[in-house]
Number of protein chains: 2
Amino acid sequence: MAQVKNNYQFEDMLQKHNLKKTAPRLRVLSMMYSKNTATSQPDLESVMNDIDRVTLYRILNTFEEKGIIHKVFDLNGTANYAVCHSDCKENHHHDEHLHFNCTACKNVYCINELNMPRLTLPAGFEPQAFTLYASGLCPKCSKKGAARVN
Amino acid sequence: MAQVKNNYQFEDMLQKHNLKKTAPRLRVLSMMYSKNTATSQPDLESVMNDIDRVTLYRILNTFEEKGIIHKVFDLNGTANYAVCHSDCKENHHHDEHLHFNCTACKNVYCINELNMPRLTLPAGFEPQAFTLYASGLCPKCSKKGAARVN
DNA sequence: AATACAAATGCAACATTATTGTATTTAGAA
DNA sequence: TTCTAAATACAATAATGTTGCATTTGTATT
């Protein structure tokens, strides 16, 4: 479920990363923590439509650099942003989890409850990070019996 | 390595899919089959700079629908296109292989020699397709001793 | 070989997503 | 309260992708 945090906690988060507490940043944090799915850039932009687009991009980039959020592209190549779980450090993400992209509601879920399989690659390849994508129906949409694509 | 095919074979491919044999299509096929990596949309566009951009997009979409190529987004969300291996049918891709994105040369390799691990997801999720991404150094770049990012 | 027609291309216009530079505003320290 | 670096807002531009339509072309048919 969505991690519930209050405004004081968001202010602490910013402070810990040496970021100024500004209204746009707090709103972005509040929105992202209120959901249990990643948020697409278009969604963010329409919800935060009174914040300048460029400011939004810069906030997202800053948060990503600081390890507060991570970016994940969905099956359509659309950028989605999700809050990182605990062990992401600055410029050093640990987002090697499964990203589940629902084909009906389009939501992207970060599934941390699953450990990534370590694979052996053909000779010569030196992998540093893995990400696994799955697509299909999420619990909500499969319950609706929806094979339909919205 | 790159699959070597001649122009007659490309013409056959088009014919088998009920596509007209046109110069732009043959050139796209020729380019994509000459490589052992996926080709990014920007690369395609600069190499095929005398073909109309829209035509190129439409050719790629058509080829994808017909199961001739598949689209894969790299770690930067850039669209890349790669030739499908044998068992892709129209509107029904079997591209559940590992995509390896080299952080140095940026190339995307389709690694078919690896079978996808089947994973058990949390209750409610109904996965229909999996794709695995890895990033790191490809054989060429790791040989160069290049941890550098171009 | 000429014709006819659907399919494919080329062109124009536009939409969306993202970046860069700079002026203005503001959070937080002094 | 003042000062300054940081953050935001605004303007301009780049990159990527889509839609509609006129023109051209591959190919089936005569």
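Cβ from N, Cα, C; glycine included.
If you check TrEMBL, you get these features:
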type: BINDING; residues: A:His93, A:Asp95; note: Fe cation binding site
type: BINDING; residues: A:Cys102, A:Cys105, A:Cys138, A:Cys141; note: Zn(2+) binding site
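The Cβ neighbour count for A:Cys105 (Zn(2+) binding site), using a 10 Å radius and every protein chain shown, is 16. Applying an under-8 Å Cβ distance to chain B, the binding-site residues A:Cys102, A:Cys105, A:Cys138 reduce to A:Cys138. Packing around A:Cys138 (Zn(2+) binding site) is summarised by its Cβ count: 25 other Cβ atoms lie within 10 angstroms of its Cβ, all protein chains included. A:Cys141 (Zn(2+) binding site) has a Cβ environment of 23 other Cβ atoms inside 10 Å.
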